[in-house]
Protein chains: 2
Amino acid sequence: MVRGDAREEVLLPAALKLFARHGVSGTSLQMIADELGVSKAAVYHHHHTKESIVLAVLWPAFEQVAALVERVGSLPAGGARRRALVEGLAEQAVTHRQLYAVMLRDVAVPALVASEPRLAAPFAVLRRELQPDHEPATAPLRVAMFLAGLVAPAGDPEIAQLSDEQLRRGIVDVGERLLDLG
Amino acid sequence: MVRGDAREEVLLPAALKLFARHGVSGTSLQMIADELGVSKAAVYHHHHTKESIVLAVLWPAFEQVAALVERVGSLPAGGARRRALVEGLAEQAVTHRQLYAVMLRDVAVPALVASEPRLAAPFAVLRRELQPDHEPATAPLRVAMFLAGLVAPAGDPEIAQLSDEQLRRGIVDVGERLLDLG
């Protein structure tokens, strides 16, 4: 009997493949085990829930956000730092656009971020750092709408037709309009 | 024995109450049945899945979007119609902000819209009608980011602190910045 392998570097690509084919909600731990040719217990040994697998699949993308937040900390606060953040986030949205499109079509991002302190902390910094200097009452709304807009349209067929360069330029354009970039 | 009631006008408020308390993902058909004092079969008679209940709870909000899209059809196409749409959507986001905050914290909206033709059709019109006249390459992205931003930040604690008037004004402000309103 061929014994399968449920190590992380095998499990996560197999899970992503099933998520792309069946959606996250249509994929079970049993299906992931079947895809790997292992028992459900072997999968369970690494991840007790599907949500844990979803988080692990998305983790590299979120880690880049944390690294970006740390990197721009050396820039002077204000417009220049906001511009660097927006450009970094646009770059990131382009790099991970396929991942986002697969995952975010049926994963609720606010719940995911709130569920995981390692995600929540850099996002709190990001929200604070992106705030434009003027109109304090609506500034948090403009930031929240910009961040929501980064990930939510990933599955939109019209957005899927944009080239990487159009997507990057479009996100920076929206950032300029909403966030008073320096 | 007191017999419970699973009619829609009793079921939906009970479901919303449980969604607010436990999240959508933490609420089961059985819990809804228990809350109503009926059997799970009685709930199943009306809704075969939790997703169907989620859709029914959100339906009044989505119906208003469809009505808005129909109403602005009498205005001349272009900036004036876009402004009427943005103002209507801002009004709607304020009216349903508690509903959005409860539901959207763990419901993935793109999947919900795609799953239901009665939702998808008005949203397709909305996406087309909101497109600004200039910069056609990034126009769909600006529209998608605006629409994502309408609902996604509803659960954000910072946004929850805004007054209704600040929320309404903030959404119109973002619409003005992104959509070349007339």
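Even glycines carry a Cβ here, placed using N, Cα and C.
Because TrEMBL annotations are produced automatically, they should be read as predictions rather than curated entries.
Note that the structure is a prediction, hence the values are computed from the model and not measured.
Mean model confidence of the domain 'HTH tetR-type' (A:5-65) amounts to 91 (pLDDT, 0 to 100 scale). Annotated domain 'HTH tetR-type' per TrEMBL: A:5-65, in sequence order.
Proximity of distant same-chain residues to the DNA-binding region (A:28-47), defined by a Cβ-Cβ separation under 8 Å and at least 6 residues beyond the stretch ends, is recorded for 2-8, 10-11, 14-15, 17-18, 22, 53, 56. The DNA-binding region annotation in TrEMBL covers A:28-47.
Per-class residue totals from DSSP over the domain 'HTH tetR-type' (A:5-65), listed helix then strand then coil: 46 helix, 0 strand, 15 coil.
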